[in-house]
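Engineer: This is the structure I want to talk about, given as structure tokens.
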Amino acid sequence: FSMCEHHMLPFWGKVHIAYIPKGKVLGLSKLARVAEMYARRLQVQERLTRQIASAIERSIQPLGVAVVVDCCHMCMVMRG
């Protein structure tokens, strides 16, 4: 989970990561570690998605990378 920087309430969900390797191949634990590293910060979902994709792009320079983040935000759930 992560914390919404606007409301200081948690949001949680799933992160889907896909990439086309160009030489280097990352293990599943490395992808999870990248997602967790950025999720620990005060975040908004859009920036979290961009940061994960950018980190993978910078570190292994794949032919392509896609990141989809699907979350439930408590700031929206509490409003009803």
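Note that Cβ sites are derived from N, Cα and C of the backbone, with glycine treated the same way.
Sequence annotations record features per position, and here Swiss-Prot assigns Zn(2+) binding site to C4, H7, C75 based on similarity to another entry.
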Engineer: Whose Cβ, among the binding-site residues C4, C75, has more other Cβ atoms within 10 Å than any of the rest?
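Structural biologist: Answer returned by the neighbour count: C4.
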Engineer: Note the Cβ centroid of C4, H7, C75, the recorded Zn(2+) site, then list each other residue of that chain whose Cβ lies within 8 Å of it, in sequence.
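Structural biologist: The surrounding set, listed in chain order, is M3, E5, H6, M8, L9, F11, H73, M74, M76.
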Engineer: With every protein chain in view, what's the tally of Cβ atoms within 10 Å of the Cβ of H7 (Zn(2+) binding site), excluding that atom itself?
Structural biologist: 13
